[in-house]
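> Let me give you the structure first, and then I'll get to my questions.
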Amino acid sequence: MTVSIALIVIGVLAVAFGLLLGYASIRFKVEADPLVEQIDEVLPQTQCGQCGYPGCRPYAEAIANGDDINKCPPGGESTIKKLADLTGKEAKPLDAAHGEEDVKKVAFIREDECIGCTKCIQACPVDAIVGAAKQMHTVLTQECTGCDLCVDPCPVDCIDMLPVEVTPASWKWDFDKTPKGDIPIKMVS
Amino acid sequence: MKLTLSSSPHLRTKRDTGQVMRLVLYAMLPGVACQLYFFGWGVMVQAIIALITAIATEAAILALRNKSVIRNLSDYSAVLTACLLAVSIPPTLPWWMTVIGTFFAIAIVKQLYGGLGYNLFNPAMIAYVVLLVSFPAAMTQWLPPVSLQATELNFADTLSLIFTGFSVDGMDITQVKTTIDGITSATPLDYVKTGLTQSQTYSELLNSGLFNSSVADSAAAGWSWVGLAYALGGLLLLRLKVISWHIPGSMVLSVIICALLMHLINPDIYASPLFHLLNGSVLFGAFFIATDPVSASTTQKGRLVFGAMIGFWIVIIRTFGGYPDAVAFAVIIMNMAVPLIDYYTRPRTYGYSRGKQ
Amino acid sequence: MFPEFEDVVSRLDKGQLATFPGGVHPQDHKALSNQTQIADLPLANEFVIPVRQHIGTDGALLVRVGDKVMKGQPLTQSNQPFSVPVHAPTSGVVTDITQHVTAHPSGLNELCVVLKADGQDIWAPLSPCDDYTALDKTALIEKLCDAGISGMGGAGFPTHIKASANNEVEFLIINGAECEPYITSDDRLMREHAESILTGIDILSYLLKPKCVVFAIEDNKPEALDAIRKQVVSRPHVRVVSIETKYPAGGEKQLIQVVTGREVPRKGLPLDIGVTMFNVGTCHAINDAISFGKPLIERIVTVTGKAVKRPGNYRTRLGTPVNHLLSQAGYLADKQKTPQVIMGGPMMGFTLNDAAVPVVKITNCLLVPETHELTQGEDERACIRCSACADACPATLLPQQLYWHSKAREYDKAQEYNLFDCIECGACAYVCPSEIPLVHYYRKAKADVRLELDEKAKSEKAKERFEARKARLEQEKAEREEKHRKAKEARLAAAEKPARKAADATADPAKDKVAAALARAKARKAAQAAQATGEKASAENAEATTADAPQATEKPAGNKKAAVAAAIARAKAKKAAQNAETAETPSDQVVTPADSPAPATAPANDRKAAVAAAVARAKAKKAAREAEQQSAPQSDSSAPATKPVEESEQAPAPESPDVSAEDSAAEAKKKRIAAAVAKAKAKKAQKENENKA
């Protein structure tokens, strides 16, 4: 008798809590972005393909499916850290096989050497190069992600990757980067 | 010569950390003088032992951590910790206990947590509690005021007592402690606590023994003078803006209110606010311990909460706890709560609407 | 929280002022420079005028190198609401328009106009206005904008924007607080030009129609207070208030709080709470601009500090290099162990990296301290959490928490503690006993956060563009497939009839199209075959297409489509032929001409030459690459660097006879490019060699 009461009580409780939990899981469902979206958000969107995938989103999908998080040189250390937070994986140093973290660069076409072959236009993943066949091409610096993909196709090697110059607007209070002068004035005796 | 570059502001107050600590040390002088006057040379000897230990420990650990020894010692924080501990412990405590306590304060509580600024707890108070828990007997052997002491302790006696456990004449601490009346002395707090447990009433206790000694200059008065002298030093710190009024103010007020409430409920078993305030280390703690910048709350509202809660815990622990005094415990408990207090007492930033952070 | 207008006014009348939390009281050192009258600074020989001296966008340049300009002539023009022009500070010749170091803490270069003074100092024609009330609001505001006036207190916000506010203005506050130590330019200005300032205020009142005008001056400037009070006797609507001396009382938000008790909402503007504020210097400049028609070409600059012989205030032309100003004030180099010049005050000013920096619209002070004059802590120690910073913070932030989070680069947490509400006044760092450069940490954190946001926006855009491109490529592919399908159908249809029939029907335009399509299809097929098979591409195929192509071109004119198709076909054919000849060319090098109509219009000769050049380069590239590969294993370090150059220079040789027959100019170009390629290759090879070494 006692045993059956205990069983019934436990059973009823189990059902009650089960229902409660079930209800709670529906009622308080957290609408999270799918993981791929979140990962894609973290990636630098250079679309450079250095990770071995054709673009950032495919890599995001690969990470969601268990690929390593340390294959993105443009994102570097900080991206790996964010990915580690997001995926719960351990932050690893950047995989050197995919390249090294570098200062931010943008492509620059030496325009008088450009022959207008449009190869770089086709290579650019973000359409940041304008030009037409047999016409000189140029890079939209604002849109360039510095992915490097246009450099190799150029038959005349007229594309340079130049580091983004620091402007007063993008200066980070780093006095070491400031050129220093002196006071070249006449001494007043 | 190239132009030098630096970030604004290019102007600073001349008050640096070392100066702040030194000011606190100076402000302790009235209290220490009072202790010397009422309780003899002990406190000075303890201070010297603690100082040497503190400086040696700090230097050794700084050297181990590859930090500049001179530069970090010059912030006087180790000196201050040593002094705070030295005035908190019984003046005749065996020297090695003081050494252990000081070492613990500096090495474990401060440096292991990352050095100055990173310690969670007040080093002097943790050291005090560690000693109290480890050596409960020795840590409660308080001398009666000099005027009540049956045997006068000179400097040599004190030294001998601290380093050998016996005075020059061969008396041990319990013998030394005996007052002229032949009663083994206790602190007023201790006395009242013991008395209350023996179902004496508070008013009875106030008219007996320790408080009713034949000597006009009562023991309780001795303790109270010390507390008041520290309060004087504390007021000096307030005046110099080394500390803000929030913590001492709220702490003292909280002790008064809590004690008053309880005293009003049952004056027979709960001591009066004045008794709580003037005995033990409430005043000393309010101005010198709880205001330790590193381990105290940092927001203004937070400081009020921090001080008030310390006051609350002091009265509670004194009344219901196992130990007669409670400042150290109360401070440590609230040290733990500081991050929480700070988080929830963030001030409203300029331009933000009230209620919404 | 939000005192009503009537309450504020009645309090002001009773002389009750609110206060702001925190604040510090540094020694003001104002007596050093406010004892003497404002002196006129002799003209410099050369002026450097930064194109942008305010918050906002640059104006468009109006002058070119070599132009002769008159004093006050605009050098740029305002073409956007947030741009403000700059003017020539004196008459002279524009010698250069270049990147030059400017008044910015970074010491980096910005676009500047360099002007060589001719010493005549002749004004351009001015248009003074005796009665501003005769002008309407828009005209006045336009005049303000054209005069190049932006806030002269520090931030440099364009004045015409502020003055053209449409909100109801309850309080017009004139900021004469000048709370920073050392600076006395506003002090002297108020003493000596009170009338001008108040006329400026009258103009602003006319524009903004404020319910109440408050002139706030810190109580450490009794002479300035007196001078202004004397002037306001005739203007009873202006209330002069003497405010408590406390740094940073002159901060816009703080002064508003002191005067009105109101707080500017976060991310809001003073106008949102019915307040607008102008600096006394700005008022003076407004009067100059309206009453005398003079654009903003000079300002009062305090030159002070114990390392100058004659500290004081100097009426300085904008663009005057700092070293000219310093030499006039008597810089005492031996008083400074390490030279240091601060532009602005000691609390918020920045150190200059070069004395060639010009004076700009916001330059109110040059501080040249002698060694140890400023107690600048270099000795950063551990934070002891004393919260002196929080007690000093006028924005009631928790500087200490901001510090921990900024230092640890936990920027999201720092922002949770309202990092961006910090006004960088420096009060926290001033009081810090551990001498922590708190503001520097915040600035770095802010810069990082801003850049991070920029990056994020950029990557968002890159993603969008990438997606758009992908979609476009897919669409193109689909279209191409559709075309192929149609072409196939057409071919099948054509195959039913005899081929000759199609050729005969040249007169019929409809058939013309079919023929053109056929030709095109054939050409493409040939090209594709050539691409796909590479070496296998037969000469026959190429010949066939070339034979087809002329046919298409011979078709009657007037049919543009046919012509284009023909051109494309021709190009394809040529390429196919070349592919067949030079099979080593990578197949992906062939451009799909469908992408652009250019080849149809380009002259055949040029095209041929260019193609030849490209082929030559490709060969050179290949040769260089081979050279690299060959030379890489060699142990001789100099060989790889030089070998590719030789090889690549020789590489184009086999092609040159063809090209010289075409055009010698093309050849020259080709050679130059080939040389460039060779250089690049050599560089690359060398780099690789270095890496290997």
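In case you wondered, yes, glycine gets a Cβ from its N, Cα and C as well.
Reproduced below are the annotations present in TrEMBL:
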- A:Cys48, A:Cys51, A:Cys56, A:Cys72: [4Fe-4S] cluster 1 binding site (BINDING)
- A:Cys114, A:Cys117, A:Cys120, A:Cys154: [4Fe-4S] cluster 2 binding site (BINDING)
- A:Cys124, A:Cys144, A:Cys147, A:Cys150: [4Fe-4S] cluster 3 binding site (BINDING)
- A:31-89: domain '4Fe-4S' (DOMAIN)
- A:105-134: domain '4Fe-4S ferredoxin-type' (DOMAIN)
- A:135-164: domain '4Fe-4S ferredoxin-type' (DOMAIN)
- A:1-25: region 'Hydrophobic' (REGION)
- A:6-26: transmembrane segment (TRANSMEM)
> Which whole-number value in Å describes the distance between the Cα atoms of A:Cys144 ([4Fe-4S] cluster 3 binding site) and A:Cys114 ([4Fe-4S] cluster 2 binding site)?
18
> Residues of the same chain, at least six outside the domain '4Fe-4S ferredoxin-type' (A:105-134), with any C-beta under 8 angstroms of its C-beta?
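Beyond its ends, the domain '4Fe-4S ferredoxin-type' (A:105-134) has Cβ neighbours at 47-49, 55, 140-141, 143-156, 158-164.
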> Would you list the DSSP helix, strand and coil counts for the residues of the domain '4Fe-4S' (A:31-89)?
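Residue counts in helix, strand and coil order: 29 helix, 0 strand, 30 coil.
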> Roughly how many Å separate the Cα of A:Cys154 ([4Fe-4S] cluster 2 binding site) from that of A:Cys124 ([4Fe-4S] cluster 3 binding site), to the nearest whole number?
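With distance taken Cα to Cα, A:Cys124 ([4Fe-4S] cluster 3 binding site) is 11 Å from A:Cys154 ([4Fe-4S] cluster 2 binding site).
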> When you scan the chain for residues with a C-beta under 8 Å from the domain '4Fe-4S ferredoxin-type' (A:135-164), skipping those not six or more beyond its ends, what do you find?
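44-50, 74, 103-129, 170.
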> Return only the integer: C-alpha distance in Å from A:Cys51 ([4Fe-4S] cluster 1 binding site) to A:Cys117 ([4Fe-4S] cluster 2 binding site).
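Taking the Cα atoms only, A:Cys51 ([4Fe-4S] cluster 1 binding site) lies 27 Å from A:Cys117 ([4Fe-4S] cluster 2 binding site).
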> Quick one: of A:Cys48, A:Cys56, A:Cys72, A:Cys147, A:Cys150, which binding-site residues lie within 10 angstroms of A:Cys120 ([4Fe-4S] cluster 2 binding site), measuring between C-alpha atoms? Sequence order, please.
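Within 10 Å of A:Cys120 ([4Fe-4S] cluster 2 binding site): A:Cys150.
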> Tell me the Cα distance separating A:Cys147 ([4Fe-4S] cluster 3 binding site) from A:Cys72 ([4Fe-4S] cluster 1 binding site), rounded to the nearest angstrom.
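Cα of A:Cys72 ([4Fe-4S] cluster 1 binding site) to Cα of A:Cys147 ([4Fe-4S] cluster 3 binding site) measures 11 Å after rounding.
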> To the nearest whole angstrom, what is the C-alpha distance linking A:Cys48 ([4Fe-4S] cluster 1 binding site) and A:Cys114 ([4Fe-4S] cluster 2 binding site)?
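On Cα coordinates alone, these residues lie 22 Å apart.
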> Looking at the binding-site residues A:Cys48, A:Cys56, A:Cys72, A:Cys124, A:Cys154, which one has the fewest other Cβ atoms within 10 Å of its own Cβ?
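It is A:Cys48 that, of the binding-site residues A:Cys48, A:Cys56, A:Cys72, A:Cys124, A:Cys154, has the fewest other Cβ atoms within 10 Å.
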> Where the distance is taken from Cα to Cα, which of the binding-site residues A:Cys117, A:Cys124, A:Cys147, A:Cys150 turns out closest to A:Cys56 ([4Fe-4S] cluster 1 binding site)?
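The smallest Cα gap between A:Cys56 ([4Fe-4S] cluster 1 binding site) and any of the binding-site residues is with A:Cys147.
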> Around the Cβ of A:Cys144 ([4Fe-4S] cluster 3 binding site), how many other Cβ atoms lie within 10 Å? Please give the count over every shown protein chain.
22
> Once near-sequence residues are set aside, which residues in the chain of A:Cys117 ([4Fe-4S] cluster 2 binding site), 6 or more away, have Cβ atoms under 8 Å from its Cβ?
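Looking at Cβ-Cβ distances below 8 Å from A:Cys117 ([4Fe-4S] cluster 2 binding site), excluding near sequence neighbours, one finds A:Ala133, A:Cys154, A:Pro155, A:Val156.
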> What mean pLDDT does the predicted model reach across the domain '4Fe-4S ferredoxin-type' (A:105-134)?
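That stretch averages a pLDDT of 88.
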> If I restrict to non-local contacts, at least six residues apart, and a C-beta distance under 8 angstroms, what lies near A:Cys114 ([4Fe-4S] cluster 2 binding site) in its own chain?
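Same-chain residues close to A:Cys114 ([4Fe-4S] cluster 2 binding site) (Cβ under 8 Å, separated by 6 or more) are A:Gly131, A:Met136, A:His137, A:Val156, A:Cys158.
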> My understanding is the cutoff is Cβ-Cβ under 8 Å with a sequence separation of 6 or more in the same chain; which residues meet that for A:Cys147 ([4Fe-4S] cluster 3 binding site)?
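Once residues fewer than 6 apart are set aside, A:Cys147 ([4Fe-4S] cluster 3 binding site) is near A:Thr46, A:Gln47, A:Cys48, A:Gly49, A:Gln50, A:Pro74, A:Pro125, A:Val126.
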> Which of the binding-site residues A:Cys114, A:Cys144, A:Cys147, A:Cys150, A:Cys154 have a Cβ lying under 8 Å from any Cβ of chain C?
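Near chain C - Cβ to Cβ under 8 Å - we find none.
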